[in-house]
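Okay, structure first, notes after.
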Amino acid sequence: MHQFTIAELVKGLRNKDFSSTEITQHYLDRIARLDNTYNSYITVTGDVALQQAAAADKRLAAGNTSALCGVPIAHKDIFCTAGVRTSCASKMLDKFIAPYNATIVENYLKAGVVMLGKTNMDEFAMGSSNETSWYGPVKNPWNTHCVPGGSSGGSAAAVAAHLAPAATASDTGGSIRQPAALCGLTGIKPTYGRVSRWGMIAFASSLDQAGILSRTAEDAALLLNDMASYDPKDSTCIERDVPDYTADLNKPLNGLRIGVPKEYFGEGLNPKTAALVEAAIKVYESLGASIHSVSLPHTHLAVPAYYVIAPAECSANLSRFDGVRYGHRCEDPKDLMDLYMRSRSEGFGAEVKRRILVGTYALSAGYYDAYYSKAQKVRRLIKQDFVDAFHHVDVILGPTSPSPAFEFGSKGKDPVAMYLEDIYTIATNLAGLPGLSIPCGLVDDKPVGLQLIGNFFAEAQLLNAAHQFQQATDFHQQTAPGIE
């Protein structure tokens with residue numbers, strides 16, 4: 001049963017081949033038996049899941065349901081879930097019980113989707129390896145000596161190990177697409193503003209976006225149908241009709257113009273990864289797409305600009321965790337300043353502290369113009385590069401990550417080396433564009449991701465391009481060795 005995709009689960013539930021309760025119990029049993037190996041979940045909501053599954057079965061019996069009714073998924077532990085711990089993988093929020101649901105959680109609840117639990121992640125979504133979690137690192141099901149990517153590593157590992165058929169995730173600089181690449185999954189980050197951020201604990205508010213990790217593009221389309229919505233509670237959410245993302249999945253790719261940026265194939269890209277991406281380009285040519293060389297000349301500035309803007313926003317957002325209102329509070333503070341200092345020192349991990357310090361420095365008097373203001377100007381130039389490119393092409397294609405999954409500890413002592421893992425994904429966030437990663441082969445028995453970037457609100461086109469690639473290949477059907 002755990003081999004089924006979301007689309008197959010939907011069909012089976014409609015045909016009464018199995019019940020939501022049976023599927024949910026099956027996944028809960030697998031999590032209990034296998035997740036000690038992967039550490040993909042922080043909280044398993046067994047009782048809640050079975051209650052939701054029973055309610056979904058009643059709705060299914062009545063026949064008046066949404067497409068996803070009865071399907072179980074996992075939620076990244078960055079999304080607030082009423083009555084359930086929402087920790088952001090931090091000691092700071094270890095005991096925080098959210099009083100309300102994030103909008104996307106509420107959307108899925110209304111659709112009858114079952115919550116299996118909350119998945120592990122890098123602390124406050126800051127990381128590319130899922131090594132910064134207060135609850136311990138997550139292991140990649142393809143090779144347990146290697147990282148699953150981050151920050152949505154728990155969501156990726158859970159889906160790759162078949163401990164959930166799909167999971168919600170978030171992406172600030174690549175945190176959906178990079179784990180998708182390293183774990184052999186489909187991961188989509190929608191256009192900024194397409195999906196509500198209300199109830200998603202903020203890292204960098206102008207970059208954060210909720211999205212999906214699944215096995216196939218078809219599954220991602222089904223899940224995005226219910227995830228995307230206009231939400232007046234999120235002032236950055238755009239009031240725009242949500243299309244049926246499954247409607248054009250089978251549309252032929254004849255006439256699709258795919259741009260390949262020369263800047264994505266330079267120094268630092270694993271040659272074997274490059275070869276697989278080039279092979280994927282040939283697949284697209286065989287499907288009727290035309291390939292065009294494009295230039296994104298400010299690509300080399302994306303990482304430095306991001307690591308000024310994101311820490312600056314994180315410094316502001318995380319200032320709310322002060323030991324007064326909620327979150328970790330130190331014992332016996334001498335005065336208010338001691339309360340602030342010790343609560344934050346004890347509650348935040350090393351990487352979070354590093355980014356807060358960098359961000360505070362960039363925003364400080366005398367440095368704002370030299371760093372933050374300049375980074376925002378670079379951001380505008382990066383966005384303009386994409387705008388110019390999309391005058392000539394429909395989709396931009398390249399590698400998702402410069403190399404396959406790396407071993408634990410191999411980059412932890414060099415923050416810059418870790419930051420460069422997101423070199424191909426960050427620009428998409430800076431521009432606010434939709435991005436998607438799909439598997440395109442294996443290097444040294446580890447998955448490699450192919451990234452597709454679309455114009456604003458072109459999620460349907462990206463999903464169509466991804467689905468057609470998956471109809472022509474079987475990379476998305478490959479399972480990590482040893483998975484039961």
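Including glycine, each Cβ sits where the backbone N, Cα and C put it.
Noted in Swiss-Prot for the protein shown:
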- Lys76: active site, charge relay system (ACT_SITE)
- Ser151: active site, charge relay system (ACT_SITE)
- Ser175: active site, acyl-ester intermediate (ACT_SITE)
(message) Among Ser151, Ser175, the active-site residues in question, whose Cβ has the most other Cβ atoms within 10 Å in this structure?
(response) Ser175
(request) Can you check which residues sit near Lys76 (active site, charge relay system), meaning Cβ under 8 Å from its Cβ, same chain, 6 or more apart in sequence, and list them in order? (result) Lys118, Thr119, Met121, Ser152, Gly154, Ser155, Ala167, Thr168, Ala169, Ser170
(message) In whole Å, how far does the CA atom of Ser151 (active site, charge relay system) lie from that of the residue listed as 'active site, acyl-ester intermediate'?
(response) 5
(message) I want to verify one value. Collapsing DSSP to three states, which class is the residue listed as 'active site, acyl-ester intermediate'?
(response) coil
(request) Return one of helix, strand or coil for Ser151 (active site, charge relay system), based on DSSP. (result) coil
